[in-house]
Structures are given as structure tokens and as C-alpha cells.
Amino acid sequence: MRIGHGFDVHAFGGEGPLIIGGVRIPYEKGLLAHSDGDVALHALTDALLGAAALGDIGKLFPDTDEAYKGADSRELLREALRQIAQKGYRVGNVDVTIIAQAPKMLPHAPQMRINIAEDLGIHMDEVNVKATTTEKLGFTGRGEGIACEAVALLIKA
């Protein structure tokens, strides 16, 4: 078994769309990013890549490569999974924590779990998504952006 941890953060900017966990969330702002800015899937991808000792999302999908401009993070996650499978691992379970003052994430968590389970080819019982605030402290508390942490367990296939 191998464990990986991932973290991502993006600042709000522009009109959107706001996509978190593969879900389009109604909100007046989007996140500034080279790809679609999905902090949840970016953190999760980093956790999975880290567990497999494959580097990180920036190494695999560099923001200097125009091929990834506006990229769908679900596609990036699936490509990372293919590379992990080539190393002989499968996903055991994943846990994602979204850190945002607004918008509220909890109503969207069930669909995020469905998306992640589908993309990783695992059961929903092996996917957890939760959200928290920083009690109005720091950049997320001031509503300047969204952060996310994720952990992943890989098992030898």
C-alpha cells in the first residue's frame, strides 16, 4: 500500500465557470487557472501521483504547455490513473477536503463523489468529499480563493 497527499489552491477571478470535483457550481466568480481550475481534482491528482512516486500534476501536465489550456481536470485525472495503473497500482480509497468560505460545497458533494468514483473506476464507498471553512481567516476566509487537500491510498494491483 502507498499513501499520497495533494494540495491545490486557486484565486477567484473572472466570471467563471466555477468547476469543483467535476461539478459546475453556480457562482458569480470563477477560479484563475491554466486549466479549468478544479482545485479538488487537482489536489486529488497530486495525491494519486504522489502515492505512485510519479511527481505531481505540474510535471505531468505543465502549465507552460498550451495543450492543457482550459483542460478538463476529469480528463487529467483519468490520464494520471492510466499512468498509475501502468505502474501496477489501483486506487484503494480517496478523501478530499475543500476549503472555501463560499460558495457552499456540501450540496454538490454527492455529485462530486459520483464523478470521482466514475473517473477512478472505484465504488462510491471508496470516495469521500467534505468541505470546511477557515472561519473567515486567511485568503479563503476573505473569499479570495478556494483551496483543497486530498489523500489517496494505492494498492498493488
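Every residue, even glycine, has its Cβ placed from backbone N, Cα and C.
The 4-CDP-2-C-methyl-D-erythritol 2-phosphate binding site annotation in Swiss-Prot covers 8-10, 34-35, 56-58, 61-65, 100-106, 132-135, Phe139, Arg142, and the record cites sequence analysis as its basis. All chains included, 22 other C-beta atoms sit within 10 angstroms of the C-beta of His10 (divalent metal cation binding site).
When secondary structure is read from DSSP and collapsed to three states, His10 (divalent metal cation binding site) falls in the strand class. Residues or ranges marked as divalent metal cation binding site in Swiss-Prot (evidence: sequence analysis): Asp8, His10, His42.
The feature site 'Transition state stabilizer' is assigned by Swiss-Prot to His34 (among others), with sequence analysis given as support. Every protein chain considered, the tally of other Cβ atoms within 10 Å of the Cβ of His34 (site 'Transition state stabilizer') stands at 17.
In the shown protein chains, 15 other C-beta atoms lie within 10 A of the C-beta of Thr133 (site 'Transition state stabilizer'). If you look up Swiss-Prot, you'll see Thr133 (among others) marked as site 'Transition state stabilizer', on the strength of sequence analysis.
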Cβ-Cβ distance under 8 Å to His42 (divalent metal cation binding site), same chain, at least six residues away: Gly6, Asp8, Ser35, Ile57, Ser73, Leu76, Cys148
Secondary-structure category, per DSSP, in which His34 (site 'Transition state stabilizer') falls: coil
Entry from the binding-site residues list Phe61, Phe139 having the most other CB atoms no farther than 10 A: Phe61
Cβ neighbour count within 10 Å of Asp65 (4-CDP-2-C-methyl-D-erythritol 2-phosphate binding site): 10
